[in-house]
Amino acid sequence: MKAGMNTHIPLSLIGISHKTAKVEIREELAFSREEQQKLLNELTLKFDLRGALVLSTCNRTELYLSGDLSDDQIKDLRRFLNDFKKCDYFTNDEVIYVLKGKEAVFHFFSVFAGMDSQILGEPQITGQVKDAYHFAYEAQKTDALLNKLFNYGLQAEKKVRTETFLSDGAVSVSYAGVELARKIFTNLDDKVALLIGAGETAELASQHFVEKGVGKILIVNRTYEKAVELARRFAGEAYNLSELTEIIEDVDIVISATSSADYVLTREMIEPVLKKRASRPLFLIDLAIPRDIDPELDELDFIYLYNLDDLNEVVQSNLSKRKKEIPKAEKIILHFVHEFVVWLSTHASSQIINRLRNYFNNLRQNELQRLRSRLPQEGFEHVEYLTESIINKILHQHIKLLKSNLKDSQKYEQYLEFLEELYEFEKKS
């Protein structure tokens, strides 16, 4: 991957996605909001991090870490994540990927733009990345680097969506679930669809069911008021989660997409209902991570269970056309990676220049203080002017050398280190 300068980027990524692991593993490594808050707090306390961001969706869990982490520190961090989730997957190189520097930046921008999604170009990931960033930002766990990474990622995402056809005809996970149901039944006008959950995925699924002409929509949610609101919008019926086993007797299709940590549909709940259904098939589509539906249900007669990994065949629509847009989208991404690197270099320069200016000004003020009582006012003002002029000339030379070395990463880094050692500055973000 080429993106201009080789400036050091103190960014690391530890992740897992639909490309590296099946749903059974992904659900174990998903983080709830409560877990994310705890994880962000512990990460920034236990490791040499300036910021952290957790992206946890149905198809990926990724940690973006701002700070100079060595390979050994990354290994320690992965072991810590194993302990946090009580698993051993985070140290398994077959399912976990670790990216650093420009590769991590490129990956983040690609994810933001839907280029790394199970459904190429799908739009939902953009909102999910925004939510993840705002959560970390409000928790005061982002730094200047992560803030700028998000801003450039947002620009890259907008340009990819407006200047390519990557998202043209792309479908959401919700659409794929409804389309799977349509393929199973062909005609939905006499079918009853049950949506478990009232979030964005369930909302989109309701909309697609209406467009496909489903006979009836039922909405079940733990918060009844949300179920009522969604049902009203799509001429459906709302029920409490406690009524689930009662209404499922008359249902043909279930799409479940909640944020529950536990199964909302279990074998114990469904087995008694099957006896009343008189051999009618029941199609269950689980769009949640962690999964909402106990996989043991697939062992029962007349139950047909699908999860996120089963949607690949459905999501192939218009894929060849969208794949042709990948090179153009990658070129846009690389442009913004370069812009980010330029910003980072300039940011580092401005930081060192400000520290130099403060260093010289403090030195100057201390010496002027000692001279004030020994010189007449006019003489003192001349010395003030002269010393300020000398400092500006010294700073100008440093700025000139920094700018001249911007295009040569090695020389630039060496000069920054030289200045830090010469003036005994501690390294900062």
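Cβ atoms are placed via backbone N, Cα and C, with glycine included.
Database features, via TrEMBL:
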DOMAIN    14-164  domain 'Glutamyl-tRNA reductase N-terminal'
BINDING   Thr57, Cys58, Asn59, Arg60, Ser117, Glu122, Pro123, Gln124, Gln128  substrate binding site
SITE      His107  site 'Important for activity'
DOMAIN    179-314  domain 'Quinate/shikimate 5-dehydrogenase/glutamyl-tRNA reductase'
BINDING   Gly197, Ala198, Gly199, Glu200, Thr201, Ala202  NADP(+) binding site
DOMAIN    328-424  domain 'Tetrapyrrole biosynthesis glutamyl-tRNA reductase dimerisation'
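Of all the recorded positions in the record (His107, Thr201, Ala202), the one with the smallest CA separation from Thr57 (substrate binding site) is Thr201. For the domain 'Quinate/shikimate 5-dehydrogenase/glutamyl-tRNA reductase' (179-314), the number of residues in each DSSP class (helix H, G, I; strand E, B; coil) is 59 helix, 31 strand, 46 coil. Here the domain 'Tetrapyrrole biosynthesis glutamyl-tRNA reductase dimerisation' (328-424) has, by DSSP, the following mix of helix, strand and coil residues: 89 helix, 0 strand, 8 coil. DSSP classifies Ser117 (substrate binding site) as coil under the three-state reduction. Nearest in space to Asn59 (substrate binding site), taking C-alpha to C-alpha distance over the binding-site residues Gly197, Ala198, Thr201, Ala202, is Thr201. With every protein chain in view, the residue among the binding-site residues Pro123, Thr201 whose Cβ has the most Cβ partners within 10 Å turns out to be Thr201. Within the same chain, the residues at least 6 positions away from Gly199 (NADP(+) binding site) whose Cβ sits under 8 Å from its Cβ are Ala257, Thr258, Ser259, listed in sequence order.
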